[in-house]
Amino acid sequence: MKISRQAYADMFGPTVGDKVRLADTELWIEVEQDFTTYGEEVKFGGGKVIRDGQGQSQLLAAEVVDTVITNALIIDHWGIVKADVGLKDGRIAAIGKAGNPDVQPGVTIAIGASSEVIAGEGMILTAGGIDTHIHFICPQQIEEALMSGVTTMIGGGTGPATGTNATTCTSGPWHLARMLQAADAFPMNIGLTGKGNASLPEPLIEQVKAGAIGLKLHEDWGTTPASIDNCLSVADQYDVQVAIHTDTLNESGFVETTLGAFKGRTIHTYHTEGAGGGHAPDIIKACGFANVLPSSTNPTRPFTRNTIDEHLDMLMVCHHLDPSIAEDVAFAESRIRRETIAAEDILHDLGAFSMISSDSQAMGRVGEVITRTWQTADKMKKQRGPLPQDGEGNDNFRAKRYIAKYTINPAITHGISHEVGSVEVGKWADLVLWRPAFFGVKPTLILKGGAIAASLMGDANASIPTPQPVHYRPMFASYGGSLHATSLTFISQAAQASGLPEALGLKKKIAVVKGCRDVQKTDLIHNDYLPNIDVDPQTYQVKADGVLLWCEPAETLPMAQRYFLF
C-alpha cells in the first residue's frame, strides 16, 4: 500500500527528504534519517496502533519504557532525525523504533501496560535550553524561563539586592546555603556561582566548598589581574568554571592585560562583544583564543534598529549609574557600539561566538534566549545566505550550529554535559516539544526528568483540555516530591564530598559539575572558529582574519509581534 507524502506527514509527521519551516523564519530543515519503520509506525488513539496485543506488549514495567514520545522530529547538534524516544527512570533510554517486539520487527523501544505515550507526530523535539548567565533577582524568572523551554539555569544572586542587580554572584557560604535551599522549590535545574573577586584563595575556596559550581569575576567588584589569576587558580584546584565580566574602563589594564592574566587557562567570557560589559572597545578580541569560551547575552541578539537606544537606558539602571553625572553617561556610551554589535551577529554565524544566554533582568530577558538565538540565525541567512556546510535547499548545519549555542555548548562549558544538554541516550530527560509554526517562540510541552513540568493548557473546568483561555501552567512535575525527583541541583564535587546536601537538608536530586578545566574552544560543537580579531580604536570597525565584519541592523524580525497578540 502506498500513500502520498502529504498524507503520511499528516498522519505520522515528516520523514526523510521532507522539509519543515521553523516558525515564520526563512530557516528550513530537512529530515536526514528516519528511525521508524514504514508500515510499522506506532501511534496512540482510538483505532490506532498502541493497543493491547498490537503496538503494546505484555512485558513488565522493568522491560518497557515509562514514556514513549512517538514519531518526533528531533533537532539536536548531532542530527535532524525522525524517531520514537523512550524515557525510563527520568532519563532518555532509547532513540529508535517503538512498539511491541512480540509482533513487530526492529523494535528497540518496548511499549507495555506501564508505558505512557506523548504524541510527537508533526512536532519538533529538542533538549531543554541551558541559560548560563542568570542574575537570580526574583524567583518569578524561573517560571518565565521554564515556559520558554529553558530547563537549566546557572548564575548567582540573592534576590533584588543591589549587588545581584548588577552581578551574578551568590556571595559567601551563608547566601549559598539559603539559595540552595530555595532551589528545592523550583522545577528547574539550578547551579550557583560564587563571587570570584578576591586576591587570596581562601575566600573563594570556602564558596566552592559551600556548593558554588563556579566563580564569577565582575568589574563592579574589581576584576583586576590579581583577582583573575587567583580565581582561575582556585577553579583549577576544585574543577569549577570561571565566568568573567571584564574591565570596561580599562582601569587595571587593557584587554591584553586580562588575556595575559588568564595564562592560557579555561574561562567563560560573558557578553564577549562588550555591550553587556567588558574592555572597551575591543573585548571582542577574546573570541579568538583557544582557552576562551565566548558567549553573548540576548539584548544584542540580533542587531536591530532599536538595539543602541535600548541599551543605553538598560545600562544606566543595571549598573547603578546616574544620568546627571557626565562620567556615568560617558561610561555607558563607551560600552554601546554599533560596529561591534554588528560584528557579533556575523561571528555567531561563523561559529566564533559559541553560546547565547540571557543576563536576566540585568540587561537581558530570561524568557527570550531561544527566540533571539533563532532570530539571529534567520537574520544571518537573509543577509549572508546559506552556509557552505548546509545541504541543498536546507539550513540543517545552521540549525545545528545555533541550537548548540543554548544546549550542548553551555553544558560542556560548565561541566554538566554528562547530565544535560542534548537529546542523547543516558541524559536527563529534559525535553521540549514544539509545533513547527511556534518553534523557538512558544513550546507546547516541557518535560523535566521525564515528567511533564509545564504545558500550554486550556480552561481547567472545560470538558476537554483545549478551550480558551489557553496559557502556560505548571504541571504535576512542578509540585511536591515529583519536583524533587525530576529536577537537579548542581553543586561542586567538594561540596558533595563534604556532605553538604545532607547538612542543608536538600531534597532535589544532586548532580556534580566536572571536567570544567580542560575544556577548549575546539570542544564547543559547531562553534569552534578562532579568528584573529582586530578592532579599530577610532571607528570601532571589526575585522576577522583581515575581513571587515559589518551587517545592517534588522528593521523587522520574525518570531516577534505576530506571536504575542495572544
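Any Cβ shown, glycine's included, is placed from N, Cα and C.
If you check Swiss-Prot, you get these features:
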BINDING   H133, H135, K216, D359  Ni(2+) 1 binding site
BINDING   K216, H245, H271  Ni(2+) 2 binding site
BINDING   H218  substrate binding site
DOMAIN    128-566  domain 'Urease'
MOD_RES   K216  N6-carboxylysine
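Proximity to H271 (Ni(2+) 2 binding site), judged by a C-alpha distance within 10 Å, picks out D359 from the binding-site residues H135, K216, H218, D359.
Neighbour counts of Cβ atoms within 10 Å were taken for the binding-site residues H133, H245; the minimum is at H245. Here the Cα atom of H245 (Ni(2+) 2 binding site) is found 5 Å from that of the residue listed as 'substrate binding site'.
Secondary structure at D359 (Ni(2+) 1 binding site), as computed by DSSP, is coil. For the recorded Ni(2+) 1 site, residues H133, H135, K216, D359 set the reference point as the centre of their Cβ atoms, and the other residues of that chain within 8 Å of it by Cβ are I134, G155, G156, T167, T168, A243, H245, Y270, T297, S357, S358, S360, A362, G364. A gap of 12 Å separates the Cα atoms of H133 (Ni(2+) 1 binding site) and H218 (substrate binding site). Spacing of H135 (Ni(2+) 1 binding site) relative to the residue listed as 'substrate binding site' is 12 Å (Cα to Cα, whole number). Residue environment of D359 (Ni(2+) 1 binding site) contains 29 other Cβ atoms, counted within 10 Å of its Cβ in all protein chains.
Across all of the domain 'Urease' (128-566), the predicted model scores a mean pLDDT of 97.
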